[in-house]
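Here's the structure we're looking at; comments come further down.
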Amino acid sequence: MGKGGQNDKQDEREVKSFTWDDIKVHDKRNDKWLVIGGEVYDITRWSRRHPGGSRVISHYAGQDATDAFRAFHNDLNFVKKYMKAIHIGTVKPEDQSEIELRSDFRELRKTAEKMNLFKTNALFYTLHLAHILLFEVLAYLTMYYFGTGWLPFLVSVACYTIVQGQVGWLQHDFGHLSVFHNSSLDHLLHHFTIGFIKGASAKWWNHMHYQHHAKPNVMDKDPDVRVEKLFVVGDKMPVQMAKSNKSSMPFNWQHRYFFVVGPPLLFPVYFQFMLIRHVITRREWVDIGVLIAFFIKFFYLYVPLLGIGNTIFFYFFIRVLESHWFTWVSQSNHIPMEIDEDHAEEWLPLQMHATCDIEQSFFNDWFTGHLNFQIEHHLFPTMPRHNLYKIAPLVKSLCEKHNLSYQVKPLLQSFIDIVSSLKHSGELWYSTYNQYHVS
């Protein structure tokens with residue numbers, strides 16, 4: 001009798017209908033609803049156990065997460081098993097009309113699936129991993145056979161920097177589950193590439209990067225633009241920081257000091273501190289174990305050749321070079337684009353406003369890890385990167401139909417735009433600051 005009563009109550013809950021006005025107010029820390037495919041889910045408790053992290057799912061509280069949900073998950077049937085218990089109703093029909101933009105994008109995804117663009121080329125990833133391992137071997141053997149003079153030392157530095165740069169792009173593929181499309185296998189190789197080869201944390205990367213993809217360039221939600229302690233970016237942040245007068249940084253000079261505190265220090269200082277703090281405070285024992293294995297391998301190989309002091313110098317020299325490589329590539333697609341507060345945009349315009357592409361060439365594909373197709377990657381993060389160029393013309397056509405900007409730049413111009421945008425934001429901060437605080 002008791003169980004029957006509970007089932008009746010569950011049935012009653014499942015047929016409830018909500019307007020968007022009902023849903024939008026459930027965006028608080030202890031009260032979170034979201035919509036997927038016209039169905040309403042209460043994620044208040046579930047968010048704490050969400051495998052992708054509580055923040056990434058919470059960023060869509062009070063909003064439609066349909067396209068984000070589809071973008072992040074490969075096995076929908078498996079995921080939906082966990083959704084039944086948190087389903088509380090549907091969106092009222094008058095609020096759930098399928099707008100043309102949303103419908104067209106979902107048709108584009110179906111087209112990509114029919115074109116087998118989510119199918120992985122195993123040879124591509126095998127060769128890519130092989131060339132990374134080859135450069136790691138060359139980095140060691142160069143000094144082992146030719147000594148530790150400046151020339152072999154610098155050749156080894158170059159080889160190991162290539163290892164770190166390229167494995168950064170490869171771990172990114174495993175992290176997005178875009179290689180095997182199997183959670184267990186992709187996570188295993190993710191730990192191997194980002195942990196044992198690169199010396200970073202898979203869990204820390206997931207925690208940060210999934211948030212970035214869910215809400216790119218959205219202030220207070222994308223960790224990549226939580227930079228206000230050192231920089232102001234976009235048009236909104238400089239004005240807010242100037243009015244609040246919370247920082248004493250000379251942001252009008254940021255386009256100059258960026259070259260000192262940005263690319264050189266991101267990896268060797270900030271990332272090192274953040275990832276170590278993350279794995280320790282959250283007791284990520286697997287990540288800690290893999291990190292220890294990386295450092296044992298590194299020091300076991302190089303201390304006999306260089307001594308402890310020079311090995312530490314070798315390590316940080318590589319980190320500085322790798323940091324330059326990553327920073328210029330990763331920020332070229334985002335920092336010059338729109339940076340704003342969350343306006344609950346549809347998936348397509350949300351990603352288009354925050355991303356741009358870089359021209360295709362063999363070098364650009366290799367140097368950026370195919371993130372020169374950043375637009376396509378953000379729209380379809382589980383698509384293997386070697387297929388991104390195939391969907392690009394269709395994405396461009398869809399953007400033209402809906403009057404959305406589709407930007408493609410030369411590589412060098414994309415780097416110049418980082419500095420130009422920093423200068424623009426700094427000048428905006430300076431003029432606003434003088435207006436409110438200088439008499």
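Glycine is treated like the rest: Cβ placed from N, Cα and C.
Summarising the annotation, TrEMBL assigns domain 'Cytochrome b5 heme-binding' to 15-92.
The transmembrane segment feature in TrEMBL is assigned to 122-146 (among others).
The transmembrane segment feature in TrEMBL is assigned to 257-276 (among others). Sequence-distant neighbours of the transmembrane segment (257-276) (same chain, 6+ residues past either end, Cβ-Cβ under 8 Å): 200-201, 204-205, 230-231, 291, 316, 319-320, 322-324, 326-328, 418-419, 422.
Per TrEMBL, the feature transmembrane segment maps to 288-317 (among others). Nonlocal intrachain contacts for the transmembrane segment (288-317), taken as residues 6+ away from its ends with a CB within less than 8 angstroms of a stretch CB, comprise 140, 143-144, 148, 153, 156-157, 160, 191-192, 195-202, 268, 276, 279-280.
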Key: Helix-strand-coil residue split for the domain 'Cytochrome b5 heme-binding' (15-92), DSSP-based   = 29 helix, 20 strand, 29 coil
Message = Averaging the per-residue pLDDT over the domain 'Cytochrome b5 heme-binding' (15-92), what integer do you get?
response = 83
